[in-house]
Amino acid sequence: MCWGCTWVDNSLQDSDEPLTVDICVGCIRSVQYTRNFVKKKTELYFIFSFTTGNINLFNSTEMKRSLKKEIEVDSSSMVADFLTCNLTTVFLPAIYIIIFIVGLPTNAMAIWVFLFKMKKKKNPASILLANLALADLLFIIMLPLKIHYHFNNNNWIFGEPLCKVLVSFFYGNMYCSTIFIAFISVQRYWAVTRPHSHKLTNQIAVCVSVCVWIVVWLLTIPLYLYDQTIQIIKLNITTCHDIIWIPEIHLLASYLLTMGIVGYVVPCVVCVVTYLLTCRALRRSVAHSCSSKKKKKAIILMVIVLVMFLVCFTPSNVTQIVQYSSVLAGFYYNSYYVYVVAQCLSSLNSCLDPFMYYFISSDFRNNMKNMLKCCSERSAQQVRVSLTPGKASSSLVWTL
């Protein structure tokens, strides 16, 4: 995510003195322009010319309906290099295809098991896991649009509204996942350390899940308020979210920094603390229990889940926090190449979560085994029927 942002004072007067305008387009630091502004307190749209260094100003009240935001960049610039490099046009979509192929069926099967196969054994953990699977599935459903965008040389053809939906789904479902993982860690800690006290009920788990969805989607509303597409003239493409033009750069940076803290830092701290406390409680009880092997296995699984959370979500969120903290501090940290790779890494969590369910929940594991066994037996029966003499001849006639 690179935000092509600039901020201009509305009270500027006519002058020919040089002016430095801070721009973040592909994390470019600054460009010198000539000051030639009209003193009007109105919203302004800009058309940048990176080759000549000119800014043309248009009154938004007069040209709002007809003007399209366009940026003219040199084909040898860093922005052009990023938008045309193999990293964004080959590597990223290839990884997203793998995530889609693996994640779509596994998350759909996970939701099916949680909702329809575990009705009698439904508990708070299964409710939270089902919501986590739903967040992953909603993210994966939108991936074909992102795959097409990158394979199409970062050219978005689906319009501004759908680009906003894609961006909102990307961040909304990622932060839904981190928050649900945090609540799952709290639930497991409570179940291990206080098994005989007041337990978390299904009603509370449902209320928590509904509140998480409402809060996260309310937090993504600002992403719908700004244009997410920009037309790059010389490359003849329209970007979606890679370059975004917003006058209030500090307001935007504050928003994204807040999202990173609320959506990652807080859940990360909760996960680390609760899993460490849970592991300590299990280790203390191992020596006094005949089921020490099971508890050791539980400790190993919790460590794996925690490592998976940190590996998938830490790089992208830390890069985001560093990038927008630097914007608020008055300089731009050139980290966009690292950030897009880290984003791709965070997307891997969507296809890894179903395997986590399989090892964490014995009920989920047993239901999955039974469902796969039924599918294999049904397939074997169909093969046996098709190989009978009567069926084989009729099948042969049909195919001819």
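Cβ atoms are placed via backbone N, Cα and C, with glycine included.
For Cys163, the disulfide partner named by TrEMBL from the candidate list Cys176, Cys207, Cys211, Cys240 is Cys240.
A C-beta separation below 8 Å, combined with a sequence spacing of at least six in one chain, links Cys163 (disulfide bond) to Trp156, Gln228, Thr229, Cys240, His241. Panel annotation: around the transmembrane segment (165-184), residues 125, 128-129, 131-132, 135-136, 138-139, 142, 145-146, 208-209, 212-213, 216-217, 219-220, 223-224, 228, 240-241, 259, 262-264, 266-268, 270-271, 274, 305, 309, 313, 346, 349-350, 353 of the same chain, lying at least six beyond its termini, place a Cβ under 8 Å from a Cβ of the stretch. Cys240 (disulfide bond) is surrounded by 25 other CB atoms, counting those within 10 A of its CB over all protein chains shown.
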